[in-house]
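Swiss-Prot annotations:
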type	residues	note
BINDING	His64, His93	heme b binding site
DOMAIN	3-147	domain 'Globin'
MOD_RES	Ser51	phosphoserine
Amino acid sequence: MVHLTPEEKALVIGLWAKVNVKEYGGEALGRLLVVYPWTQRFFEHFGDLSSASAIMNNPKVKAHGEKVFTSFGDGLKHLEDLKGAFAELSELHCDKLHVDPENFRLLGNVLVCVLARHFGKEFSPEAQAAYQKVVAGVANALAHKYH
């Protein structure tokens, strides 16, 4: 559960309605793989990840990033029960994929950076603070199976 004021919730939902999930999702996952190269081990089957350019232009990275952002957007509809909303993904990432849950926090921070880049001044300090709460809640929900 994420505790947002009505104003914070309005900021989060309002900005998310303007997100280009396909473009921003691919950018966010690509940036994660470039900035934190050890995360690439989970995506070796995606093909060429040999350089920043290769990663950012990799169609499989873009497609999976879109999938990640779609799931995040779905989670915004369940802010009162993020653990329930992400239960299946938590189980998949823990039991089958063995993803270090710290990576969820890293991806959340990259998501915030990507939103800031695209929304500029519209991504106010208040919007950033609200999104930081949400990405922390989502990371916690995704790590739930690990506890």
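Cβ atoms are placed via backbone N, Cα and C, with glycine included.
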Conformational class of His64 (heme b binding site) under the three-state DSSP mapping: helix
Helix, strand and coil counts within the domain 'Globin' (3-147) (DSSP): 120 helix, 0 strand, 25 coil
Rounded Cα-Cα span from the residue listed as 'phosphoserine' to His64 (heme b binding site), Å: 18
Fewest other C-beta atoms within 10 angstroms, as judged across Ser51, His64, which are the recorded positions: Ser51
